[in-house]
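**Q** Got these off Swiss-Prot a minute ago, pasting:
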- M36, R78, L116, E157: substrate binding site (BINDING)
Amino acid sequence: MSDDASTLLRTISWFTEPPSVLPEHIGDWLMETSSMTQRLEKYCAQLRVTLCREGFITPQMLGEERDQLPADERYWLREVVLYGDDRPWLFGRTIVPQQTLEGSGAALTKIGNQPLGRYLFEQKSLTRDYIHTGCCEGLWARRSRLCLSGHPLLLTELFLPESPVYYTPGDEGWQVI
């Protein structure tokens, strides 16, 4: 699944402004400015992270993501799947320039199976430069350039088919939008 999701991310057309065709319920999820981890936790008894890939990569391995970050010799890559009650909900890809990892940013390489949002949203120095939204094959995604103490990282989140982003509460339980 992680390879498929990672490949799919590379084919997404990104919008700098939310498109007019974006359903309101989905747009609310995509434009979430707080922790996506905390929002997802409201919809399940257990949120679990499976680490798919982690380690340093070269600038040549970034593709168009390179345009979203400052030039550096290497970047820390972390790819995960978040599961809500054992259902795959979100594929996350984080790219961190080596310079961001200096000082307190080094903790980003030691998160392991913990949700990134738990760490990031505890940091008082966290800011968000933007949220871009995108869609591919009926799946919605968002990417944000976040900064810790002024140093950037790129977080991309692909909402998988079983994610609550595609459901809305109805009279008879959750219904597909």
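Using the three backbone atoms N, Cα and C, a Cβ is placed for every residue, glycine included.
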**Q** Which residues in the same chain, at least 6 apart in sequence, have a Cβ under 8 Å from the Cβ of L116 (substrate binding site)?
**A** T37, R78, V80, G92, T94, L108, L155
**Q** Take the Cβ of R78 (substrate binding site) and count every other Cβ within 10 Å, whichever protein chain it belongs to.
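**A** By my count, 21.
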**Q** Please name the residue among the binding-site residues M36, E157 whose C-beta has the most neighbouring C-beta atoms within 10 angstroms.
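**A** Neighbour-count leader: E157.
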**Q** List the residues in the vicinity of the substrate site, defined as same-chain residues other than M36, R78, L116, E157 with C-beta within 8 angstroms of the site's C-beta centre.
**A** T37, V80, L82, L90, G92, R93, T94, P115, G117, L155, T156
